[in-house]
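Features reported for this protein in TrEMBL:
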- 897-911: compositional bias 'Basic and acidic residues' (COMPBIAS)
- 912-928: compositional bias 'Low complexity' (COMPBIAS)
- 1-125: domain 'DOMON' (DOMAIN)
- 177-308: domain 'DOMON' (DOMAIN)
- 359-485: domain 'DOMON' (DOMAIN)
- 545-671: domain 'DOMON' (DOMAIN)
- 674-885: domain 'Cytochrome b561' (DOMAIN)
- 888-933: region 'Disordered' (REGION)
- 710-735: transmembrane segment (TRANSMEM)
- 756-774: transmembrane segment (TRANSMEM)
- 780-802: transmembrane segment (TRANSMEM)
- 823-847: transmembrane segment (TRANSMEM)
- 853-876: transmembrane segment (TRANSMEM)
- 950-974: transmembrane segment (TRANSMEM)
Amino acid sequence: MGVAWNLLDDETLELELFVNTDQANGRYVAVGFSDDDQMGNEPVIECSAIAQQPPSLKFSFDKANGKGNERVPGNFSAHFYDISTSFQDGQLYCKGTVKVSGSSENEKVFKYDPSKEYHLLLANGKTTAKGLGYHKSQSSVSRKLRLAENSGFDKTQCGKSKGCTMPDAGSCYNVDGGIGASYRPIEGTQNIEFEIFGPANTSATNDVFVALGFSNDEFMNASSVIECSQLPGEANPTMKFSYNPVFNNTRIAGEEAIRAKLIQQSIGKVSDGSVYCKGIVNVGGDANEPRIFKWNKDQGYHLLFAVGFTASTGLTPHWGSCVSILTFLDQLDNIGFNDADCGNKKGCFQPTDCDGGCDEIASSWQVLSPNKLHVELTGKVATPNKYVAMGFSTNGRMGNNSVIECSSFDNGTFSMTFSYNLVNANYSNLRPSTDVSTLFSNQRVQFVDGVLYCSADVLVEGNANDQTVFKYEPGTNYTMVMATGETKTNGTKKGLGNHHGKRSVAPAQLLSDYLPPTAAPPPSGGGSFDSSACGKTKACYEPTTGDAVSYRVINPSSIEFEFSSTQSSPSGVYLALGFSSDGKMSPADVIECSSLGNQALSMKFSANSGYSNSRIDGEEDIRSQYITDTQTSYADGKIYCKGTVKSDGNANTQIFKYTPDQKYYLIVAKGAASAGGLGYHGQNGKHVSSQRLLTDLSAGNGSGSTVTLVMLHAIFMTVAWMTMVPTAVIFARVLRSSWPTLKPGGLLIWFHIHRGANLIGIALMIAGFVLILVHKDWKFVTAGWGGKHAIIGIIALCLAWLQPFISTLRCSPNDPRRPIFNYIHRGIGVIAMVLATTAICIAGYHFTGNRNVVQLVLALIPISVIFALSIFFIIFNNLVDVDTKSFTKQNGNSSPRIEDIPMRPTSKTETETTWTIRSPQSAASPDSDSSRNEVPLEKKRLWVNRFRELVVYGAVLIFVAIGTILSVFFALGLNGK
């Protein structure tokens, strides 16, 4: 058995009682509040099931001299609220909030006295029809204690029942953690329960303090203070008020009287090297003393902590201090957004499916009245001039809807405002035409460590003169659209920039319904995709191992379709089949197997126009007549749809119409769906088949030209940057001194390879660039990771293409300005290689469905090898004597002639390099001491050059292997394998 309590104020007690027992009926557990450790003459609160009644909390009283327990007559049910009781796993449990202010009707009702200490008498047993039975030996007594007493700071409740601030060592001076405060506003009052704790250097004195200042900035001056201090002569630390006028602390005249009025249940202790206080503080301030802390609910505070010693005059200068981030005292989490209340006290949208990454954006809304919402917005934002926005859409899309945003322009501070996304011929973000600042009250903004948090109470009654002001319609289902990105300023014109894929759409729901929309039950029908019939009784296109469509032309006006796709859920997903005459996404008629938001899975018509899929007006009525004999199911992680489609066309030309002698490209796409329609399929969610007649059962899984173009682009770029360019670089970097007498065409071997490999690489780059432009219909796309890949890749290509032209401008090797050319030429090459590697890493990690990490690692190997060998040979050249290269030439039967070839050429011209070969004098005396004691110089030099060559050959093999493996991986990945 046990009891737990939390004294909320001098009249309210949170209480829990439990006991392990065989049944709930006829059992009790009770706690008495006694002046001594003997049972008798004390008030009792019990958790009991008397007679056949269910368990409940009640008052009772222990008779004098331990002669049993008696009922307390009267109805005191109003003293108990927020009651919960249970009997589970052999445990009887009661919890509730109890009014402990006594009763004028009966003095035996427990009345808490803050000045008293109590023994808690705990007992359990069986009940009778009259009350509690004798507990026999089932009883226990506690030490004498105050109900306000606490054992110390409990971190486990931080972010749950109380807010906490505990600065780390990086935010402190001379304090390495172990300092902080908690705060818990008591609902319906001006009171906050504070805890303050910090290190106590009791080796010097027990008269210590830890002080908590409330600052508008991060400075100590002009700050009201609540302190936990033990002044000389005091037995224990207590909570007090003080003030920091400048950078020192001062006492407040009459503070003791103010403290007695505003601080309740103050307790404190110094133990284990720490000082701790807890108390309930009235933070409404004092009308006659402005230096007493007065809480402004709309304001965030920097909490300033200081620790030190006390004197008879008050606090002495502190020896350690800390400062917190901006903190709101009525928030459990210092960084604002608390998802614990999502679905209960507020509705929330926390997307994770953004194509460009969601940056932890989240929003919440709470309906305060028919024309007022409480709105929260948060997300990771690295710098100012960014935004986090939430649109209230009635059409499921970003366009033509009101927006509430938290944004920063021109390096200014973040603030909340309205805007409107207007979509007609073009997209534009309209700014308010009136002053809307008065529509946002209780606004709070935090921007700490790259996390933005904004909240406000927002009037949403619309404005006939300002289209941006949101007008809330309580009976309307809204689709929440969240996005984040950069803000744009052009002169006096401002607006929200493109989100670049950092956007997500929630299912439609009433804003007053805080629970997320319930997903539709999974389809109960049978049916599954039979691939064994492909090419026999039906034609199939299976672009990936988890996704497939089939079609069987019954007659020119009737076609049977099947859809099968691996999906994590049967709700909010789709697999769509588009029919294209040119292999492009748009225009195309579409038949889909989809669940829009929380709707049931079904087959539907839609249409592709531009870069998006759109709903068709009146499609539901058309669907009911044109799609028949449907089956849907969700089994083994796969959605399945089957139906017979009337294919002879409709007055609405967006409905698919079959032309028997036409060859179609099949465009298969999958992704997430919202109530407004199909979402973006992402980089890997779209596949295009080869061109085919729908009556050709053997068409199979051949890819269309557009997929082939992307695949060839990937292969050409991979070979160029992973094989050809690294080979050219490593020969120029390491093998300039090799084969000095071999000069085909008057040029050294290394230069031929350097130039030839680079030219081949540039040719492949040009081809790859043209292929992707053709694939993209000569349009540049900037959204998501595809946009990042394109921008970085284009910069790398421009630098690479610039290199041959720069080479034609190089000066003579003997020109004093030649080093400048060398630095420019090499610098551009290094930058281009780094950018190209980055672009290929993005493609390897984000553009294929498999082997992402492996592809990322492989893409980093060539540039890593180049840098590693460059550093290695810099060190190697400084450790090994490689000034000259020697070779031995046999002259008939005579002794060999040893000649020296200098490491560096004798002279250089624009067209050739000259080496002067000479006989070394040191070789004239074979019997000299040096020749007997040292390795022959010619052997040493020959070994060094052979070593260089072998290393480079190995590196080139690595480059060839990487280029080949990555090309194969990209080809497989882009085909969905």
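Quick reminder: no glycine exception, Cβ is built from N, Cα and C everywhere.
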Take every residue in the domain 'Cytochrome b561' (674-885), average their pLDDT values, and give the whole-number result.
-> 83
In the domain 'DOMON' (177-308), how many residues does DSSP put in helix, strand and coil?
-> 8 helix, 73 strand, 51 coil
Cβ-Cβ under 8 Å with the transmembrane segment (780-802): same-chain residues at least 6 beyond its ends = 355-356, 498, 500-501, 683, 717, 721, 725, 761-762, 765-766, 769, 828-829, 831-833, 835-836, 838-839, 842-843, 846-847
Six or more residues out from either end of the transmembrane segment (823-847), which same-chain residues have a Cβ under 8 Å from its Cβ atoms?
-> 683-684, 714, 717-718, 721-722, 725-726, 729, 785-786, 788-789, 792-793, 795-797, 799-800, 802-803, 806-807, 810, 853, 855-856, 858-860, 862-863, 866, 966, 969-970, 973-974
Who are the long-range neighbours of the transmembrane segment (950-974) in its own chain, taking Cβ under 8 Å and residues 6 or more past its ends?
-> 684, 707, 710-711, 714-715, 718-719, 722-724, 726-727, 730-731, 734-735, 840, 843-844, 847-851, 854-855, 858-859, 861-862, 865, 869
